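For reference, TrEMBL has these:
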{"type": "TRANSMEM", "residues": "27-44", "note": "transmembrane segment"}
{"type": "TRANSMEM", "residues": "56-74", "note": "transmembrane segment"}
{"type": "TRANSMEM", "residues": "112-130", "note": "transmembrane segment"}
{"type": "TRANSMEM", "residues": "137-157", "note": "transmembrane segment"}
{"type": "TRANSMEM", "residues": "163-180", "note": "transmembrane segment"}
{"type": "TRANSMEM", "residues": "187-205", "note": "transmembrane segment"}
{"type": "TRANSMEM", "residues": "211-232", "note": "transmembrane segment"}
{"type": "SITE", "residues": "THR217", "note": "site 'Important for channel permeability'"}
Amino acid sequence: NDGLAGFNPVLTAIALTIFLDKSGLDIVITMIATLLTLPVAAAVREVLRPYKVPMLTMPFVIVTWFTILLSGQVKFVDTSLKLMPQNIETVNFSNNDRIHFIQSLFEGFSQVFIEASVIGGVCILIGILIASRKAALLAVIASLLSFIIVALLGGNYDDINQGLFGYNFVLMAIALGYTFKTAINPYISTFLGVLLTVVVQLGTTTLLEPFGLPALTLPFIIVTWILLFAGIKHDKVDA
């Protein structure tokens, strides 16, 4: 009734529509993978139930990764991603431009659904604002803090402007600052989450770079689990 059962399948469908080619077979595979997200979600939920932590978007990450990796073993499934092993040293940093904070902020919200769109980001932020002003405020603050920290560390401005550093912070701030109740003050928890997400997101991106796989929402999942385990009282365990 809360729409939580559909969140992972929706993310999976959007991601595979973007990352796989647009052939008829790829469309069928996307539909099948979307359906398979449901039993995967049920399994992940049962594994995590004794620990009283939510599954978050882990089913989406698992199904999307393995579906993308099909392309390395079969002929008629193809992806736009470069899955051949790459050298991390070939990552290019383009900091000749400046950070566009408004664009970065709203595209960070839209990247929750794997699409860079200022208008889409505005719509998503409005939806969050309607649901909770507190959640919207924390998500905006977390996003802005993430841009500043990543920029100070010398991160790629192009990635920042496209919202690629924002969406995990949006999800983390809503989860830790609003949705799940912990023993830690929600504002402190969100601030700690921002610092930890910077480290985890940059590290995860580097770890996956040689394999060509996108980090997706894995940094959000890892950080939220860590802080829930650290603080851990929350109301919703089946999310």
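Cβ coordinates are placed from backbone N, Cα and C, and glycine is handled just like the others.
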Of 56-74, 137-157, 163-180, 211-232, whichever stretch has the most CB pairs under 8 A to the transmembrane segment (112-130): 163-180
Other C-beta atoms that fall within 10 angstroms of the C-beta of THR217 (site 'Important for channel permeability'): 25
Close approaches to the transmembrane segment (137-157) from elsewhere in its chain (Cβ under 8 angstroms; 6 or more beyond its ends): 92-99, 101, 104-105, 108-109, 125, 128, 165-166, 169-170, 172-174, 177-178, 186-187, 190-191, 193-195, 197-198, 202
